[in-house]
Amino acid sequence: MGSSSSSYAPKTIYMDVDGKVQRVSLKISNIKAVCLRFHQNEMHFNCKSKLMQLTVTYPINNFLFPSKEKEDMFQNVLSQVAEQFICICFKVNWSVSDSLRANALEGLKVVEIEKCKNDLKKLRDEMTSRGVRVNCNCKYNFTDDGKKLSPRRDVPSYPKYTLSQETIEALKKPTFDVWHWEHNEMLSCLEYMYHDLGLVKEFNINPITLKRWLLAIQENYRDNPFHNFRHCFCVSQMMYGMIHLCNLQVRSYMCILMTAAACHDLDHPGYNNTYQINARTELAVRYNDISPLENHHCAVAFQILSMPECNIFANMEPDSFKQLRQAIITLILATDMARHGEILDSFKQKVDSFDFTNEEHVKCLKMVLIKCCDISNEVRPTEVAEPWVDCLLEEYFIQSDREKSEGLPVAPFMDRDKVTKPTAQIGFIKFVLIPMFETVMTLFPQIEEIMVQPLRDSRDHYEELKQIDDAMSEKKTTESMSLGGKKK
């Protein structure tokens, strides 16, 4: 790429109008060659850069050049086409379903697409380093540095793992240790779950498309301390376990639950809804302060599914997909903890006379199940659960430090100067987790031993830790007062 000044120098456009060559000078950045041809009331626009070529045809009725009115019209049309082409050239986010982009990419081979993506990333990085703002009308163009949607047109590259019988059985249990697995292994486990539950066969899912979709899901989780792909896998594995434990047999329910679990925190920026709203971020403005993160997770989930190469539901009937889409959105939105009391109260009203043929009852159950899985770490053994507390506190502290620096309110449970691991967990386990899981236990008594009792044990564990912390703190205070008295 040339210097800033040269890249924005006027380019000469050659036109063939009824056999007569015309020249027009237009300022177009990073365009190698532009050619125009008029034929039978159509304008054929051909544009090349170092990376790709774009050809567009516009109908032009009674085009008489170079009258002033028609010249202005031509310049306007040409500028719009050039801007669209530049947007394609600079855009690293390949998710936008733009017809011009589709025309530009359709003929490229897989290898060329990957090369273009790499070249474009280098070009964008170089422009950014020079202070040039790259601006285009992307659907998801957030200011935070996060992964953009990147469809994969090649055959997915993660290796196929053969799961041992021991692993297959362990996957169905809350005791599964999620820390022992690499990303590729977790992808293979998720793939196995969709096959094992019969979802691939039931919904006629292309196995290669399933691989691509899972890769796209993984790539669109950010590297946050807590809200990352391992958390996504953790929630999905717990959902898979609950499906088996609660003996849920309706495959449409399984599909909705598993897909919502996999997508429920997509592109999470690591800062919660309170921060989004107080800081008036783009997400908060876009979603009117109403569950901005959860709405964003839904949008990204269906942006991925809108790509043909990642659409695992491509073979569903439109009406069936519409219902499935609404159900997944309902479940992801239910993970907003601001709605916890509302959802749990609604379920409590239904649970004693629960009717599996009642759609409202079943919808409420699915909302509670995804909530249980989303915050289920303390159901797991202590050696698996406790590292998650450290990860969550680290993410909280990053947010609270930023809130302090920006003069925003800081929640006490996120303040590194006020919270400890025991104090963070005791109230959450006692007043959120245990009441919710015990309510689910009313409907599925079999979860008591394997899920509810571990929560009670975890509560006792942290209460013991708090007693130790309190005793040490009291001892330090006494020693400090004693030393102060001696100095006097």
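Every residue gets a Cβ built from N, Cα and C, even glycine.
Curation does not apply to TrEMBL; its annotations are automatic.
Here is what TrEMBL records for this protein:
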| type | residues | note |
| --- | --- | --- |
| BINDING | HIS227, ASN228, PHE229, ARG230, HIS231, ASP265, ASP374, GLN425 | AMP binding site |
| BINDING | HIS231, HIS264, ASP265, ASP374 | Zn(2+) 1 binding site |
| COMPBIAS | 467-478 | compositional bias 'Basic and acidic residues' |
| DOMAIN | 151-469 | domain 'PDEase' |
Residue among binding-site residues ASP265, ASP374 with least C-beta crowding, 10 angstrom cut-off: ASP374
DSSP-derived helix, strand and coil totals, residue by residue, for the compositional bias 'Basic and acidic residues' (467-478): 12 helix, 0 strand, 0 coil
Lowest local Cβ density among HIS227, ARG230, HIS231, HIS264, which the record lists as binding-site residues, within 10 Å: ARG230
Set of same-chain residues at least 6 away whose C-beta sits under 8 angstroms from ASN228 (AMP binding site): TYR221, ARG222
Cβ neighbours within the same chain of GLN425 (AMP binding site) - under 8 Å, at least six residues apart: GLU378, VAL389, SER458, TYR462
HIS264 (Zn(2+) 1 binding site): nearby binding-site residues from PHE229, ARG230, ASP374, Cα cut-off 10 Å: ASP374
AMP site span - longest C-alpha distance across HIS227, ASN228, PHE229, ARG230, HIS231, ASP265, ASP374, GLN425, in Å: 23
